Amino acid sequence: MDFVAKNLTKLRETNPLVQNITNYVVMNSTANSLLALGASPVMAHAMDELEEMVSIASSLVVNIGTLDEYWIPSMEKAAKIATDLKKPIILDPVGAGATKLRTKTALKILDFADISVLRGNFGEIAAVLGEHGKTRGVDSVAYDSNEAIELSKNAAKEFNTVSAVTGPIDYVSNGKELYAISNGHPMLSKVTGTGCASTSIIGAFSAVDEPLKAAVSGLTVYGISAEMAFAEAPYPGTFQAKVYDWLYRIDEKLVLEKAKVNKFEI
């Protein structure tokens, strides 16, 4: 897809500031992923600075991975400010379906905020749609390609957003169009925070294109980087470092050579 390659160049030219209200587990790896790609990360969740920070950010990423009584109001306030300012908001409902708190928090944000992209695994997206029993902790335990296609379309329509259901094949839909992305590698599941990083990378691309193409761009670039990383480092520890390297090294030429993206009209 030509637009993916062009968006990569645009991102590096503009160096967008991506505000992340994310979980403790992935702050470092997410920030490094964004820096390697060519974006600028900021991890800011203090209530007293949200208005200032959201106003200067290019996009907002909300990740519910480590919730508590302080972070939930921060996420909600930031999402409201970003909605008022018409900034792209990317929501990652980490572990939705595993506990009532996670599902409730994700649904509340989806209800009042203008979410540009909802990115999660099969179980998480199924949970926010009310289809239970497919999540264990923060990991999806069931995946069926046909179900994932329907899930992506249905979530997009239900929440009036772009829905990205990630797994062996990533499906991205706005309810009218559907993209299938076959890039990536199973080793991503052996390193914590890779899904969270992909969400923040979508946030970076949301600064340079509309939500559907931003999500496709982010997942394609991250998937190709993972493939290239595994070819050089087939073990989890060195693989993670190589993903950073390839997020830095990937260029338009490599995207055009390696992208495995198909578009379908719904």
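For all residues, glycine too, the Cβ spot is worked out from N, Cα and C.
Record features, source Swiss-Prot:
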type    : residues       : note
BINDING : Met43, Gly193  : substrate binding site
BINDING : Arg119, Thr166 : ATP binding site
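Within 10 Å of the C-beta atom of Thr166 (ATP binding site) sit 29 other C-beta atoms, taking all shown protein chains into account.
When the alpha carbons of Arg119 (ATP binding site) and Gly193 (substrate binding site) are compared, the span between them is 13 angstrom.
For Met43 (substrate binding site), the same-chain residues lying six or more positions away in sequence with a CB closer than 8 A to its CB are Asn20, Ile21, Thr22, Met27, Thr30, Ala31. Annotated pair Thr166 (ATP binding site) and Gly193 (substrate binding site), C-alpha to C-alpha distance, rounded: 13 Å.
Candidate binding-site residues: Arg119, Gly193. Fewest other C-beta atoms within 10 angstroms, Gly193. The DSSP secondary structure for Gly193 (substrate binding site) is coil.
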